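Report on the structure given below.
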Amino acid sequence: MWKLRTLLLLALTLCVWSAAVPAQLAEQQDEMDSMHPELKRSQRSFRSNSAEQRNEYWLQASRQHILQKLQQVRNTNRAKNIILFLGDGMGLATLAAARSYMGGEELQLSFEQFPHTGLSKTYCVDKMVPDSASTSTSYLCGVKANYGTIGVNAHIQRGDCVAMANASNHVYSVGKWALDAGKAAGLVTTTRVTHASPSGVYAHTADREWENDARLNEACGAAAQPLNDIALQLIHGEVGSRLKVMLGGGKRNFFDPEHDSKGQRTDGRDLPAEFEQLAAGNVYVKNRNQLQSIKANETNRLLGLFSKSHMHYHLEQLADEKNTEPTLAEMTQKALELLQSEQQGYFLFVEGGKIDISHHDTMARIALDETVELSKAVALARQLTSEQDTLIVVTSDHSHTFSLGGYQARGSDVFSPAKSNASDGKSYLPISYANGKSFEEYYNMTLHERVEPKEFPGAGDAYQVFPATAPLESETHGGEDVAVFASGPWAHLFSGVYEQNAIPHMMAFAACVGAGQTACDQSASNDAFA
């Protein structure tokens, strides 16, 4: 009897188990399907390359890549010139989306064709995610510092007026190292020339906001007396007064209102006029036509301020028939015209600064267009220089919370809703941000539900904002590593993963400037390092 009971119990157990296992497998399969759903087939994209369907296409592309790598020869020439391009806020997701914006995922930005690539770790001394001030100290001066500070070491906390006066806390940029070695130096930016990134070339300040005397005096009071604001440091500072070319925006920080109604200084000064009076041949220009008329052989030093604050976005320049601002590529070209007359070579810093500003406003379309504009400037610089004696480095200071997701078809418009709906029945956009002020544009706080993206009134507009997950007044930076691309002498040094502050030291090594070990040292001969 007990044997019969045992057999019946065993049979029942097997039946239950056999029914449960498929159910468990089905649950697992459902979970996998939800992660990687089978999407409806779409019509072939006009961007698609029919050759991609053949194995040989991909095999040949791989063989070609390997061949190119095998043919690379390390360039151990001394770098006569250094050009550092900075895409402010240009993270890896921005690069990927910019390719689609250009016309296809398979395309390359100009600097993505450079032979050597690395990753830079961007955190600063006191923050996991840095700002553009602390990072400029890192990739220009070679040391990491505190959030919000520029050209000073980590002994100085943001806003410390007293510590800022102590010159022993100041650190100097690769621009100064180049000047001290007899080279020329300059800067180009689409932001204010006193903004966080470009001011790392020449300024020392405990707070990035102290761009004019009014802001400095407001913050420091009597302690401001021995200090100089950032604009004043550009015109009369130890490094700024030696720069050959300075092009960008930010007129408001250089004028008292008695000289320019939009000026924000309170000391009665006209700094551009003072600049022109410093030496014969110093020229101040205010618009694109004046810039293009500048002749290198007739110009000693050049200051160009083309807007009250930051320069306009490229798309705005295109739309404005009365636009008087030069493009980033045009400013870069003029800067190189002036610097290439220098027999000992030069250091040039070029920033596409409005990638960052548009990301802060979650205006992805503009951010991607600004990225392409930086790519154009890099391509132009490479055409105008030689890989044999000019080291070009392209990188970013930090990323953003910008992301590109979903399973859209190849060639899809990255700005348009995905073909499939989310679990709430509404469509979603491939582009989004982890935080930002656009949160309420895509989420109805009254109904507690998402807004259908296609109903958003700004859709298709250059100023369209994209979804943000958390509501903040301004979208934040991201903390992941950023790419570094290098071409020219000693470009192979920039391969690998390293701290961001190593970048200026590697540039200095290649150009034989600065106080550290260089390629020109007897102990660092070409034979030893080739």
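Cβ atoms are placed via backbone N, Cα and C, with glycine included.
What TrEMBL records for Ser132 is active site, phosphoserine intermediate. Under the DSSP three-state reduction, Ser132 (active site, phosphoserine intermediate) is assigned to helix. Annotation for Ser132 (active site, phosphoserine intermediate): spatial neighbours Asp88, Gly89, His195, Ala196, Ser197, Arg208, Asp356, Asp397, His398, criterion Cβ-Cβ under 8 Å with sequence separation of six or more.
The Zn(2+) binding site annotation in TrEMBL covers Asp88, Asp356, His360, Asp397, His398, His477.
Summarising the annotation, TrEMBL assigns Mg(2+) binding site to Asp88, His195, Ser197, Glu351.
Annotation comment: TrEMBL describes 1-18 as signal peptide.
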**Q.** Whole-number Å value for how far His360 (Zn(2+) binding site) lies from Glu351 (Mg(2+) binding site) (Cα to Cα)
**A.** 17
**Q.** Neighbour tally for Ser197 (Mg(2+) binding site), based on other Cβ positions within 10 Å of its Cβ
**A.** 27
**Q.** Other C-beta atoms that fall within 10 angstroms of the C-beta of Glu351 (Mg(2+) binding site)
**A.** 31
